[in-house]
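Report on the following structure.
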Amino acid sequence: MQNFHQIVYGALVSIIVLRSVYIVLWVYPWLRGLGYTSLSVFLMGFFFWNVDNIFCDKLRGLREKMPPVVGAVTQFHAWWHIFTGLGSYLHILLSLYTRTLFLKYRPKVKFVFGIWPILLVEPPKQH
């Protein structure tokens with residue numbers, strides 16, 4: 001059953017990725033950086049998830065021999081949650097940005113504390 005879950009999840013993500021690639025290549029090409037960053041972060045999480053699934057027993061055995069701090073850092077399932085969460089957040093930001101542009105609003109990406117991106121939206125200019 002787990003393989004079915006992975007295949008369906010991968011198919012759904014692939015559809016979203018193809019749509020996003022189309023948008024950043026042909027509709028809003030200046031958003032390539034945000035699009036590719038969200039995709040890269042998400043794929044990194046997907047990679048960790050698969051490593052954890054394939055090598056779970058071996059990793060568990062290694063963790064038992066490691067100091068607790070090192071063992072905690074090698075919990076790839078946890079890294080999957082962190083990276084896919086961040087990648088998903090960045091993709092939502094990209095989707096909101098493209099939607100507000102389409103609606104003729106003026107979105108701007110700002111960074112809270114210089115690191116966390118958020119979207120600020122100004123209403124369309126009145127003529």
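Positions of Cβ are set from backbone N, Cα and C atoms, glycine also.
All annotation found in TrEMBL is predicted automatically rather than curated by experts.
Annotated features, as they stand in TrEMBL:
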type	residues	note
TRANSMEM	7-28	transmembrane segment
TRANSMEM	34-55	transmembrane segment
TRANSMEM	76-97	transmembrane segment
BINDING	HIS77, HIS81	Zn(2+) binding site
Cβ neighbour count (10 Å, all chains) around HIS81 (Zn(2+) binding site) is 14
Cβ contacts within 10 Å for HIS77 (Zn(2+) binding site), all chains included, total 13
